[in-house]
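Peer 1: According to TrEMBL, the protein has these features:
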- Ser63: active site, acyl-ester intermediate (ACT_SITE)
- Lys66: active site, proton acceptor (ACT_SITE)
- Ser118: active site (ACT_SITE)
- Lys226: substrate binding site (BINDING)
- 30-256: domain 'Peptidase S11 D-alanyl-D-alanine carboxypeptidase A N-terminal' (DOMAIN)
- 363-381: transmembrane segment (TRANSMEM)
Amino acid sequence: MKFVMNIFVVVIVLLASLTPIKSYAEEIGTEPSVHSEAAIVFEASTGSILFEKNSNAKMYPASLTKIATAIYAIEKGNLDDIVTVSKKAREVDGTRVYLEEGEQVPLKKLIQGLLINSGNDAGVAIAEHLEGSVEDFSDKLNQYLEEVIGVENTHFENPHGLFSENHFSTAHDLALITQYALKNSVFTEIFGTKELEWNGVSWKTTLYNHHLLLREIPYEGIIGGKNGYVEQSRHTLSTAAERGALTLIAVVLKADKDQVYDDTVELLDYGFTNFEITEVTAPQTFSNKEDSKYLLKEPVKYIRKKNESVRLEVNHDGFLVIQGEDGRFIKNIKLKESKPKEQSKTEPIQEKPSVQKNSSSNFKLLLLLIPFILIIIAFLFRKKIKGIKNTISRFD
């Protein structure tokens, strides 16, 4: 019986060593189940969209507008400027930092009140200081967003996000605005501030950031965030977090109160669990089907699913096209046509074998090993029988 069990164990170990183990990323790789009407999770350093739902649908952004107002003010204004608060700013509706007419406040402090406490009065004071009026500020802000950041489906009519029929954006545009703003260290510092002492003329308090992932339900790697709400927009949220080489931006629009944070966490978890950054090394020379030579001078980063093999191919226009295992588009890289003296030795692209490739090769290897396994079993069996015969002969 012991002899049979030994053979059984040998066979099981051999089979186990050849059977591919399904990776954790594959097991949990299901796309997020998002309840918000629009959502996106976006990798900031590469500009790659990891998941989207109605991300180009025009919707009311509510206070996510203030992200745009803040970065515009930081870039266009002098943070040490002293701003005199107007009656219009004093009387604006909604969330405020309770500025008084005639109160003088540094521009940076107004930006802090705008982002941390979502002060609508701070937004109006900023707009009037920079461009003279809310209307002129909105025109300049829209021009800036289109020309500098590259939004395509955004139009703002005020600096704070209170409802206006023609005040809209998209999840994708808001992710682009957040991505751009995060390149500025002053913005990033304020965006991630959890609390701030506020000493106004009529309001002395501690401001607490309204974004729950910064305080009440802290998220690993959180950089910062902004929440928003008006009745027409429902709940909106823009969030940035980083782990390792990945910096993710998640935007959700038109969400219910009990879903806005659940959706955001699910989007961020999906990105961090399933994706990684890698790069095409350089210098490298590539050829297309017409045998034209193209040179990549600098390494280019791109994002792929964890442990995924990718395909790199140069098209007839000289673009290096990166595709995933499933054929989906990952990235285009414009290459320079290579002259003979510029050509460098092309390093072979090392692709990690997929599970399917491993399964096929392992099965073939198993077929080759079966005869050897049978020979070993036969040898051990003959040896066992011989031992039994010798034992019997001693008793004869």
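Just so you know, the numbers here start at 1 and follow the chain as drawn.
Each Cβ is built from the backbone N, Cα and C atoms, and glycine gets one as well.
Just so it is clear, the model here is predicted, and its values are computed rather than measured.
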Peer 1: Measuring Cα to Cα, tell me the gap between the residue listed as 'active site, acyl-ester intermediate' and the residue listed as 'substrate binding site' in whole angstrom.
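Peer 2: A Cα-Cα distance of 8 Å.
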Peer 1: Same chain only, sequence gap of 6 or more: which residues have a CB within under 8 Å of the CB of the residue listed as 'active site'?
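Peer 2: For the residue listed as 'active site', the qualifying residues are Ser63, Lys66, Thr95, His210, Lys226, Asn227, Gly228.
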Peer 1: If you count the other Cβ atoms within 10 Å of each Cβ, which of the recorded positions Lys66, Lys226 comes out on top?
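Peer 2: Counting every other Cβ within 10 Å of each candidate, the maximum falls on Lys226.
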Peer 1: Around the residue listed as 'active site, acyl-ester intermediate', how many other C-beta atoms are within 10 angstroms of its C-beta?
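Peer 2: Other Cβ atoms found within 10 Å: 28.
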Peer 1: If H, G and I count as helix, E and B as strand, and all else as coil, what does DSSP give for the residue listed as 'active site'?
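Peer 2: The residue listed as 'active site' sits in coil per DSSP, no helix or strand.
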Peer 1: Three states by DSSP: which one describes Ser63 (active site, acyl-ester intermediate)?
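Peer 2: Its secondary structure by DSSP: helix.
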